[in-house]
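Features of the protein shown, as given by TrEMBL:
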- 4-34: domain 'C2H2-type' (DOMAIN)
- 78-105: domain 'C2H2-type' (DOMAIN)
Ligand SMILES: [Zn+2]
Ligand SMILES: [Zn+2]
Ligand SMILES: [Zn+2]
Ligand SMILES: [Zn+2]
Ligand SMILES: [Zn+2]
Ligand SMILES: [Zn+2]
């Protein structure tokens with residue numbers, strides 16, 4: 001008769017199935033679906049699931065493995081893989097992720113460092129660089145470079161276009177932003193037209 005007794009509730013049941021039913025229904029029993037451990041309240045159970053299983057507390061869902069859970073956290077809850085923080089939107093997450101990137105793009109005009117080529121070029125275009133270069137001169141230099149045949153736009157309203165997918169841009173910084181984004185497959189290898197332009201530029205500011 002000993003197995004029909006619930007110790008936690010100090011209650012006797014007249015069959016094993018009645019005891020099972022009690023454990024399922026009582027708020028004093030909270031069973032983990034993954035390992036059958038029994039917890040005294042809902043919070044303890046959730047804490048356990050988070051710590052010991054691949055479990056999303058927000059969605060109350062178990063996942064097959066770590067990788068599945070992480071994929072879910074990233075796509076559904078905008079989690080940053082690097083630091084594990086959550087964000088309210090995908091664009092907030094993307095902005096935040098810039099803070100993890102190293103500033104290793106040097107401005108040829110003032111030796112300040114930037115996270116992306118487009119940020120460095122924008123800095124030159126907007127005239128914030130000590131070297132005093134502005135948008136007009138940056139655009140001029142872009143056309144003086146022999147590689148400009150690969151990135152000059154054939155459209156009247158635009159100066160530049162992507163060598164890979166022909167999307168047009170007003171400014172070279174915009175083109176670099178596009179090429180460095182996931183939207184474009186153009187690579188920035190050492191011999192690519194845009195990298196040649198960057199070397200051309202660095203000798204002239
Ligand atoms: Zn009980
Ligand atoms: Zn468990
Ligand atoms: Zn979730
Ligand atoms: Zn982060
Ligand atoms: Zn500069
Ligand atoms: Zn492109």
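Cβ coordinates are placed from backbone N, Cα and C, and glycine is handled just like the others.
Sorting the domain 'C2H2-type' (78-105) by DSSP state (H, G, I as helix; E, B as strand; all else coil) yields 9 helix, 3 strand, 16 coil. Secondary structure of the domain 'C2H2-type' (4-34) per DSSP, as helix, strand and coil residue counts: 11 helix, 6 strand, 14 coil.
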